[in-house]
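Lifted from Swiss-Prot, the feature list:
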- 1: N-acetylvaline (MOD_RES)
- 2-146: domain 'Globin' (DOMAIN)
- 12: phosphothreonine (MOD_RES)
- 44: phosphoserine (MOD_RES)
- 59: N6-acetyllysine (MOD_RES)
- 63, 92: heme b binding site (BINDING)
- 82: N6-acetyllysine (MOD_RES)
- 93: S-nitrosocysteine (MOD_RES)
- 144: N6-acetyllysine (MOD_RES)
């Protein structure tokens, strides 16, 4: 993904303020609620029977935290997303058999969560830069599928 210096500054500047644990839990939780078919990849997580069950589920929160920490590695390596996510791409493709479309969905949900957390600070240029990043990460995670 090609980002201008200004776009990189938008992303890294805001990312420094992101509470990865909180935002990760909310983004993954929202994904599982809004797109319930994604729950099939999380059978071992226990009760996902309602929105409140999903949002309060400790395993959802823990995995969301893990996802956002990985995304943070991507933000730190914006010029090498494919390399940064190569092992995760392999894991999700070969072992977990996750539909790569889910990476795009999660990226879009993440942008919504960031917008809700940061309000006016999440300006149109910041949103546009984050959309590029989440699209680049989704492509990097889907790389092994091609």
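A Cβ is built for glycine as well, from the same backbone N, Cα and C atoms used for every other residue.
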Query raised in the report: Taking every protein chain shown into account, which of the modified residues 12, 44 has the largest tally of Cβ atoms within 10 Å of its Cβ?
Result: 12
**Report entry** Integer Å distance between the CA atoms belonging to residue 59 (N6-acetyllysine) and residue 44 (phosphoserine)
**Finding:** 9
**Report entry** Close in space, distant in sequence - residue 59 (N6-acetyllysine), Cβ under 8 Å, 6 or more apart
**Finding:** 42, 44, 45, 46
Report summary line: The recorded positions listed are 1, 12, 63; by CA-CA distance, the one closest to residue 82 (N6-acetyllysine) is 1
Report summary line: Whole-number Å distance separating the Cα atoms of residue 63 (heme b binding site) and the residue listed as 'phosphothreonine' is 22
Report summary line: DSSP composition of the domain 'Globin' (2-146), residue counts helix/strand/coil, works out to 121 helix, 0 strand, 24 coil
Query raised in the report: Quick one: mean pLDDT on the domain 'Globin' (2-146)?
Result: 89
Requested in this report: Could you tally the C-beta atoms, other than its own, that fall within 10 angstroms of the C-beta of residue 1 (N-acetylvaline)?
Outcome: 17
Query raised in the report: Do you know offhand how many angstrom separate the residue listed as 'N-acetylvaline' and residue 12 (phosphothreonine) by C-alpha?
Result: 15
